[in-house]
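Enquirer: Below is a structure I'd like to ask you about.
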Amino acid sequence: MVDLLAQPWFWPSLAVVIGLPIVLLVLTELYAVMARRHPQAAKVVRLVRNFLVPLAALLILISQVQLGEKDLTWTRVAATFFGFAVLLVVLNGVNVALFTRARPESWRARMPSIFVDIFRLVLILVGLGVLFAWVWGADVGGLFTALGVSTVVIGLALQNAVGPVVSGLFLLFEQPFRLGDWLDTGGVRGRVVEVNWRAVHIDTGNGIHIVPNGTLAGASFDNLSKAPGAFVVSITLAFATDDPPHEVLDLLRRVADDLPLLAADQTPSAYPLGGAKYAVDIPVASPAIEAEATARFHTVLWYAARRANLHLDNDLTDDYNTPERRLALFTSVAASLRLTQAEAEAFADRVLLQRFGAGEKLQHAGDPSPALRVIAVGTVALTSPVDGGGDIPLGRLTRGEMVGIGALTNEINPSDATAVDDVTVLSLPIAELEQLVRRRPQLARDLGTIFDQRKASARVAIDDAAARQGRALTQLGDVTR
């Protein structure tokens with residue numbers, strides 16, 4: 001027994017026999033815990049349990065076995081496999097520790113993937129060099145020296161070709177833009193859809209424009225997505241020289257302020273440029289909707305300028321708003337105002353023929369109406385806005401029905417009225433409406449009845465929406481409990 005204890009292989013072997021099961025048991029429990037809390041770190045623990053610890057035990061056992069001349073070779077083979085396992089664990093551990101749980105704004109999250117790959121490659125080369133030098137006694141110093149000299153020579157020979165690539169890599173490390181950002185490089189403007197080690201791919205709307213990283217690194221560009229506050233869409237317009245500037249500026253502000261794409265809590269601005277030209281600045285949420293906001297503004301402005309008798313693009317003609325068409329449309333809806341054909345023909349020159357584009361609002365909830373408008377062509381949707389955003393549909397109006405019912409009594413509108421398609425209305429200013437009511441008192445009662453009905457409908461719709469929201473919150477609370 002004493003001779004057995006005195007053997008040099010006894011205590012290392014005993015340590016393996018007793019320690020290996022204990023270490024594996026501890027690592028298994030640790031793996032179960034990490035798999036729930038941090039799956040990426042659990043993979044490293046699994047590598048240690050399945051490969052590193054068993055190979056370490058095997059290396060200890062083989063190093064104690066006397067195989068004569070073969071002893072050293074088998075020990076080196078086992079040590080080599082153990083070194084590979086250590087290198088694999090180190091690579092995965094560094095990846096988990098530095099990059100897996102990196103905060104979004106930290107340097108680790110900003111580091112391009114190519115730098116991570118280069119770091120891994122260097123770590124692998126150094127690890128292999130140390131492994132072969134330590135286990136097999138290889139002379140890796142000369143190899144690294146030769147590689148270093150070769151790298152310097154190749155770098156000097158290809159400095160013009162490699163220089164832009166290196167500049168691009170540093171640009172990627174700085175990360176002045178990200179995927180989804182909008183860039184303006186002077187000649188190219190669009191959204192970044194791909195970034196790699198060689199180039200940036202920009203979607204211009206007419207295709208993908210590829211800009212080399214070296215080009216971006218050596219030039220200036222604008223990141224439109226990182227502008228402080230909302231992104232401002234600037235539009236230049238021209239009117240007739242006879243149009244009063246204050247009326248034009250007021251029109252531009254009103255149209256821009258009514259755009260659904262306007263950024264929250266932002267106010268558009270308009271200013272003259274001289275020579276009958278004007279500019280309007282419209283703050284929007286993102287450069288991605290610049291084209292949509294511009295197109296929408298131009299469309300609505302075309303209708304609004306004609307209603308205001310202003311001449312967009314110095315257009316002095318309006319073939320639609322003619323006395324003949326106004327008379328024909330007014331007589332077609334005269335019954336809604338309790339007028340006879342003869343009375344309608346006599347009253348037609350007092351009304352205004354106005355057009356609204358699809359999506360344009362004829363009245364706003366909470367605002368008084370400047371005139372009574374009778375629909376002659378098109379469809380209008382009535383909606384009631386709710387707190388927190390969104391609208392509740394209340395119904396639709398067609399030919400002969402009216403909006404701006406509260407104009408006679410100067411009451412605020414209970415709902416929004418939005419054109420579903422191109423809408424033509426006959427507008428009666430308050431002064432003309434009062435004269436008409438004196439001639440037809442029943443019209444005032446009709447308007448009052450319609451106004452009360454719409455007001456009640458809006459109130460019921462809002463109450464129903466609030467009740468549904470309350471029930472939904474109650475059900476959500478029950479589920480979470």
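Quick reminder: no glycine exception, Cβ is built from N, Cα and C everywhere.
Note: TrEMBL annotation is automatic and uncurated.
So TrEMBL lists these for the protein:
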- 12-35: transmembrane segment (TRANSMEM)
- 47-65: transmembrane segment (TRANSMEM)
- 77-98: transmembrane segment (TRANSMEM)
- 118-137: transmembrane segment (TRANSMEM)
- 143-173: transmembrane segment (TRANSMEM)
- 339-420: domain 'Cyclic nucleotide-binding' (DOMAIN)
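Tell me what's around each of these sites.
Expert: Here the transmembrane segment (118-137) has Cβ contacts under 8 Å with residues 76, 79-80, 83-84, 86-87, 90-91, 94-95, 143-144 of the same chain, all six or more residues outside its ends.
Sorting each residue of the domain 'Cyclic nucleotide-binding' (339-420) by its DSSP state yields 13 helix, 36 strand, 33 coil.
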Enquirer: I need to check the long-range neighbours of the transmembrane segment (12-35): which residues 6 or more away from its ends have a CB within less than 8 Å of a CB in the stretch?
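Expert: 41-42, 45-46, 48-49, 53-54, 57, 60-61, 63-64.
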